Every structure is written in structure tokens, then in C-alpha cells.
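Peer 1: So that we are looking at the same thing, I have put the structure below in C-alpha cells.
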Amino acid sequence: MSFQASRRSSEDEETFYMQCRAAYLSVFRSSLTNITSKQQLCHVLQQAGRNPSQATLSKYWTPGTSKLNFDDFCGILKCERQTEEAELMRAFKAMDVNGDGYILHSALEKVLTTKGEKMTTEEVNTIFSLADVNKDGKLDYTQFCRLFASTVRQCQSVAMQKLETDGRWKKQNFGSQSYSPPKAAAPADPAAVEVAAAHRADSDSSLKKDSKPLSRLSSARSRRSSLSNAVTVRASNAKASQVLEPAGLQDWHHSFRKGCFFVEEDGSISSLQYQLHVPQTTNVYITIHPLNIHTPEKPSSWMTVDTALFIVSAGETKEEATLVSFTESKDKEKYVWMGELNAGTYYLLPFTSGCRLKKHNKKSFPGKSVELVYKTDTGELDFTRELREVLSDVFDMIDLDGNGLLSLEEYNFFELRTSGEQCDKEAWAICKENFDMRKNQLTRQGFMELNLMEATEKDGDSADLWVTLEAMGYNQMLELTEACPFQIDVYCESSQPSLQTLSLESGPKLLNQAVQKSITAKSGAKALRGHDNVFIFTYKGEHRISSVIANKTNQKVTVHVNNEQSRNCCSSRGMTVFAVEIPARTKMVCQHVLPINDKQDWTYNCLETILPSI
């Protein structure tokens, strides 16, 4: 991409987020305020020039949804493209059988309530109640399209004018993205179905001629309040930082567990946690790496996802838990830590930055989705070969101890993930009577039989199967795009370690604290110029660069972050330019940055600027 094209893309991106902000702040006083009802979501989408149907609103605001934040809203706008007047006209003309510019109400109601994203009768009647565009039971669709486009422009214009005339806008931010704690193994609230996953660089908004990109704020002001952190990482440095595998490692005591990162509906990333017990003080060698569940000749697409493991001492309370260390070094796909651990119990908290594993846009795939079931010559229902292969991979993903069988505990992690329910011992006993089991554990064949029975009970309806597959990270083409299986290996020189799988309610908070501590402990605090109580901590590792912003003032601050001068870099924020609003007396992870191509040099050059308040 040329410099000019890159610059235009950045400016379009900034304009889009300013328009998002304008719409949001026309309804709420701050971008830190959450949307707390479907009605509020509808209102703020309308202010952004969208016209959501009840079906659209229900897609993002499900019965389990309690709130959406500003970043969720931005993601929804990316997914819900604004309807253009010409596009609307083409759709109406296709229904105009007489070519006279009018459509009968009865014909239009039938189409709108039965085709595509179905509207309710009430929504259709609202259209018919517009006196200017309806006459004698017909809709003047040309006039309706003009009215629609005019209303959209008016909503956007009013929101932008309010933003530009309100001096408080400079206090607000492009995003409220603080750390979004992933939920436990149970399925996340499907509130914002495609929200944080929309690729934020793909802005459909155009740059207004009179709007000034935020990155072009007064250079003098920027010099007073900004801080630039530039570092170039050589591709060859990766080799220098490797921890050498201890001699005779094959003779050390070994324990391992598998797991999986999942991208949740809100864009956060979740995984199980692990408890390690070390019976006596010993040297320890710990690794975590993405797990290839295919053959070595066919590497899995997620093998480039970055992983890390944070080792936290397990205190009696979560407040007493302290960071011991993390897997900072790398050996090919493995991230490694070696050191001495005292006898005791530790939590192992898996982590991935979100730079390479992220939410994907769930737009319709070309053609039909993959078939899952079919009827045999005898009329019985069976799984297709493609689905059987995927279910076999799912079995490997949830077989956490790798013994080729599923215990009740392992199966329940799967059930919580896909349905939110658990299988009790009584139901497990029934499974033992009906499906192939060995040593009171479900075999691969038994797992297939169980899923086939559930599909048969639905008479071949694939809806529930797709819910299961999507919860496990698969898309409509049966590609694993929103999950990353991994494996943790623990080697102890002097004693046998015990490694157990957990689902800690406090796990996400513990992980966030550990990540922040790892950054602040390995980097010096740098105050932004002119702001002695706002600090940037930047951890510059060989494989990842991460930053934390600490606001020690008694009021919130908004920090504008610009990565435009970075090269061969991708940010966990999904944007090159963004802003973060940090509440008073709070620390917040600003971003994680990885190389796009780790075989090439990469340059991290970030400019942080505090937006002044007036």
C-alpha cells in the first residue's frame, strides 16, 4: 500500500470513529456509559444513520444481554452497513411489476414479512403510515427512498454538529476498550454477535472535507503532551532469546494438559485455567504452544497464534495471588520459562494477545454452508464425512489429558461451552448404557454416537449442530477460525508435578492483573510531558510489545494512540489510530503489538497524546 493510500485509510478510519462517537454522545454523556437496553441500542443506531429492524436488534441484544459498550457499538456499525438510496431503489424496482413507481401495500407487506431479514407487521405498518409516500393503498417508493436518505443524513448531521459545538467532545475518546475480561468456559453472552471482530481497518465511511483527523491536532499541543516510543526488533533476535532445553529433560517428571483459546461474541478471549502443585522445591521447565490437531504434513492455520503462560502463586484469596513469572522466551512455536519453584500451589493462566486470534466478520460465505447431515439409503440419518472429521477434531480439543477418552469433567467443559449446561452423574450413567464407553469415559465413537442421537432427535435440523460448532470456533465452511487449541507441558527435575484443569471465576481478573504486573515490572514509568501523574509503561520483548497506561489523577483522562509510523506491526486493538479513556486512579492495558511477519524486522513507533480537557 502506498503512503498516500495508507494515509487515506487512516483518515477514513478516524472519521468513522468520530462519527461513531458523535452518534454515541448524542445519546449518552460519555463513551464510558454502557448501552443498557434494546431501546437505547436502537436509538443510538438511528443517530448513526442506521435503521435497524427488530430482527437486527435481537441479533445483538439477546435475552441474556445486560449491556454493550462503545466499542461494541462501533463493531455493530461496521457490521450493519448503511443502506444507500440507489441500493434501496434497485430493490424496490425489482418488486415494481408495473414499472409505474408504486408498489401495492399487500405485495410489499408479503415480501417484507416473509423474505430476507423479516420485518414485523408493526414495522411494516409504520412505513405505510407515512402520509407523504402512501396513497390509495400503494407506496411511492421513489419518494420513500428520498425521505429515507434525507432522514439518515439529518441524523448524522445533527450528531456531528452537536459534537463539534460541544466543547466537552475533546474529553471523549474513540474507544472505551479497557481490558475486556473473557468469560469462563461457559458460552459468553452472545450480545454483540459480530462486534469486536469486525476488521476495524475496513471502514465504509468517507472522509468529510471539513473534518480534521484527530492525529492532526495542533503539533505544538502534541509536543507538549505526547510521548514517542520507537524500537526496531530484528528478526534474528528471536534465536538469541531462546531458553536452552535442559540436558536430560526426558528424564524429568512430566505432566501436561491441553486447552483452547476461544474468541467470545464480544471479542474477548477466554480459556480454562490450570492449577499446578509442586510437592518440593525444584527446577521447572514450562512450555505452552499452539496444538496442531492435524497431521504434521498439514499444519493447522492457528499455529502462528502467539501464546503465553503466566505463573501466579495461589494465595488463600485472589488478592494474595502474586505473579511469579511468565513464558517470555520462544523456541519455534513454543513459549518457554525455566526456573526454580518452591514447593506449593500455583495457577497457570494461559494468554494470547488478540493480535492474531480475533473475531471474524460473520458475513455470508460464498455459496451455501457445508452440509452436516444426510439420509442413508435405508432412510437413517448420518453425519457427512466433513462433519465427522470436525467432530473428531473437537474430541481431540476437549480431551484435555490426551488419553483418547472423555471423562465426565472433560465432557462438561464441552457442554458448558456449547450449551451452558452440565451433565450430572445420573445422566452420565445413562450415557454409559447407550454409547461406547471405556473405564467410565466416553470414547471417540461414543462421542459421535451421542451427537448423532441428538441430531436424530431434531429430525436432521442442523441448527443446534451449528450452534455447537460456532461455539467451538468453527465458521460456516467448517474452518476453525475463532479458536486456538494449545498444550501446556510442565517438567520438574526432582518431583512429580500435579497439573489440574480449573475454571476460576476470578481467572480473567487474575490474568489481567498478571499481564499488567508483567509489563510494569519490566519497564520504567514514563510520564507524558506536562502530565506528571499519567504514566506509560512499555514492555519491549523480543516477540511482543505491550503497554500499560496508569492514570494517577483524580479525574479521567483520554489518551490518543497513534501507531502510523510503525512498520510490519499489528495491534490487539485492530486499529493504527485509536484513543483510550482511563478512569481516575486506574491502570489499563493500552495495547499489545506483534509483527505481522515475524521472519522480517519490525519497528514499533507509537505516539501517545493526552487530549486536553476544556
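Just so it is clear, glycine is given a Cβ too, placed from its N, Cα and C backbone atoms.
From TrEMBL, for reference:
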type	residues	note
COMPBIAS	181-196	compositional bias 'Low complexity'
COMPBIAS	197-213	compositional bias 'Basic and acidic residues'
COMPBIAS	214-223	compositional bias 'Low complexity'
DOMAIN	83-118	domain 'EF-hand'
DOMAIN	119-154	domain 'EF-hand'
DOMAIN	386-421	domain 'EF-hand'
REGION	171-223	region 'Disordered'
Peer 1: Mind checking which residues of the chain, 6+ beyond the ends of the domain 'EF-hand' (119-154), have their Cβ under 8 Å from one of its Cβ atoms?
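Peer 2: For the domain 'EF-hand' (119-154), the sequence-distant neighbours (Cβ-Cβ under 8 Å, at least 6 residues beyond its ends) are 49, 51, 53-55, 82-85, 88-89, 92-93, 96, 101-106, 108-109, 112-113.
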Peer 1: Report the DSSP secondary-structure composition of the domain 'EF-hand' (83-118) as helix, strand and coil residue counts.
Peer 2: 21 helix, 3 strand, 12 coil
Peer 1: Where DSSP helix means H, G or I and strand means E or B, what are the helix, strand and coil counts for the domain 'EF-hand' (119-154)?
Peer 2: 25 helix, 5 strand, 6 coil
Peer 1: Can you give the mean pLDDT for the domain 'EF-hand' (119-154), rounded to a whole number?
Peer 2: 76
